[in-house]
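A.B. asks: Mind looking over this structure? Questions follow.
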C-alpha cells in the first residue's frame, strides 16, 4: 500500500545525469556511482564465471586452455569480492547513512569522492592485466606460485588491490565519523537504524585489517620486482608469513562483505513484516561481536599449512564461537517475522532467500571450522560451495533485497513487481543448482581451481553448469526491470513502504540538501505495531512529526 505523499523533489533543483560522471561530492551521487560501478564489474566477473563453468562441463579442456582458466578463476574471484560485493556495501552506506542520521552529507565529502574514484582505476588495472598475461595464482595469490606466474600481470593485480583497499579505508573513516559525530540531536546510538550499527562494525574491521593486507602486497611486490625474498623460499623467505598476513585481512573481509547486508536485512524485514525488530540491542551488539571475533579466526584457513595442534584448537574454537552472534541475528530476524503481516514483494522474497541460503552457508561453515573435517575437504569444491552460499546466497541476495527496497527512494520510481519476482525465482533456483552439487563434489574429492578432472565428477559438474546458465538468465529480468522502472515505472511517494527511518521523511529521490529542514524523530526506527493505523494516513504522520518537532 502506498501513501499519496507530495513529491518534494518537484520544488527543488535535481541532480543532472552528467553529475554522475563527475567528481561530485554529494553522498547520494557517490552512492549511485558505487552501485552502478559495482554492478558493471558484477557482469564482467559473472561472465568469467560462466566461461569457467562452460569449461567445467567436460573433464578435458575443450572451451579454454588451463592457463586461461587459471586467469579467469583469479580475476573472477578478485572482481566479485573487491569490485562487486565490497563496493556495493559502500554504495548503500554512502547513500543511506547521512539520510538515516539526518545530516546533509558525509563528514568529509571530498574524501568520499576520492574514495570512489580510486575504485574504477583499480578495476581497469586488474582487467588490463589480460594484455600482459593475467595473474594465475588465484585471488589469494599465494607465493611461491604467484612469483612463478606472469610478473607484470601479478603486479597489476597488486596495484589494483592497493587502490581498492585505499578506497575502503577512506570510506571507512567517513562512515565512522559520520555515524558518531553527525547524528541529529535527538538520536542516540540506540535509536539509530541497525544498518548504521552494521556499518560501524564493518568500518572498524576495514580500518584494522586492510593495512595488514596492504603491507603483505607491498612486500610481495618487492619480491616480484626487486628480487627480495620476504616470501620466496629460494632466498630464505617464508610463504606461510604471507598466508598469515593475507588471511588476517581476508577472513575479516568475509564479514566486511556480509555485515553491511546484515544491516540491509535488519531494515527490510521489519518494514515488510510490519512488526518491530526483535532484539534491537542484540542485533546491534552482535555486529560488534562479529567484528571483534572476525579478527581472531584467520588461521582456520591454514589448518593444513603446518599450523601447530594447539593453535589449530584455538582457531577452531574462535571460529565456532563466531557462529553465536551470527545465530543471534538469525533468531532475531525469525522472531521479527513471527506473527508479522508479511508482504511478499521482491525485497521480502530476496530477504527470505537470504535467510535460507545463508543458514546453509553458516552450517557448512561450522563443518569446515572443525579441524578433522577441514583437513579432508581443504582445497576441494566443498569449500567453494560453502563460501558461495555465504557470499552469493548471503551478500548477493541481501544486496538485491536492498536494491528493490530502496529503489523508490533512489529513483522516485516503483519497481515492476512481476519482473522482480521472476528475478528472485530464477536466482534462487540457479544459485542452488549451481552451488549445492559442489558440496558433494568436494566430498567425492574433486579439487578446486583446476580445469581438468576425472570423468566420475562430470554429471554433477554438468548440473552445476546448467545452474550457472540459469543464474546468468536471472540477470535479464533484473536489468529489464531497472531500466523499465527508471523510465516507465509508477512514480514513488515519499514513503511507499510506510517505513519509520529518517530517509523516508524526505522526497523520492531526495533533494540535494537531503531535507528541507532538520528531520525529527517522532518514533523509534522500528516502532511498527504501535498505532499502526496512523501509518496509513500521510497527513496524520506529518502532524505527529510536527508535534514532535514542537515538543
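Glycine is treated like the rest: Cβ placed from N, Cα and C.
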A.B. asks: Kindly point out the range from 403-423, 445-465, 466-486 that Swiss-Prot annotates with transmembrane segment.
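C.D. replies: Within the set 403-423, 445-465, 466-486, Swiss-Prot attaches transmembrane segment to 466-486.
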A.B. asks: Work out the three-state DSSP category of residue 251 (Cu cation binding site).
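C.D. replies: Note: residue 251 (Cu cation binding site) is coil by DSSP, not helix or strand.
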A.B. asks: Output, ordered by sequence, the same-chain residues six or more apart from residue 251 (Cu cation binding site) with a CB under 8 Å from its CB, or 'none'.
C.D. replies: 294, 297, 298, 300, 301
A.B. asks: Restricting to the chain of residue 255 (Cu cation binding site) and a gap of 6 or more, list residues whose Cβ falls under 8 Å of its Cβ, or answer none.
C.D. replies: 201, 202, 205, 290, 291, 294
A.B. asks: In the same chain, who gets a Cβ under 8 Å from the transmembrane segment (245-265) while lying at least 6 residues past its ends?
C.D. replies: 81, 85-86, 89-90, 92-93, 140-142, 168, 193-199, 201-202, 205-206, 208-210, 212-213, 215-216, 219, 287, 290-291, 294-295, 297-302, 329, 333, 351, 354-355, 387, 390-391, 394-395, 398-399, 401-402, 405
A.B. asks: Which are the residues of the chain, 251, 255, 300, 301 excluded, whose CB is within 8 A of where the CB atoms of the Cu cation site average out, their centroid?
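C.D. replies: Counting only non-site residues, the set is 247, 250, 252, 254, 294, 297, 298, 319.
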A.B. asks: With pairs fewer than 6 apart in sequence excluded, do the transmembrane segment (156-176) and the transmembrane segment (424-444) have three or more C-beta pairs that lie under 8 Å?
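C.D. replies: Contact absent: fewer than 3 Cβ pairs fall under 8 Å.
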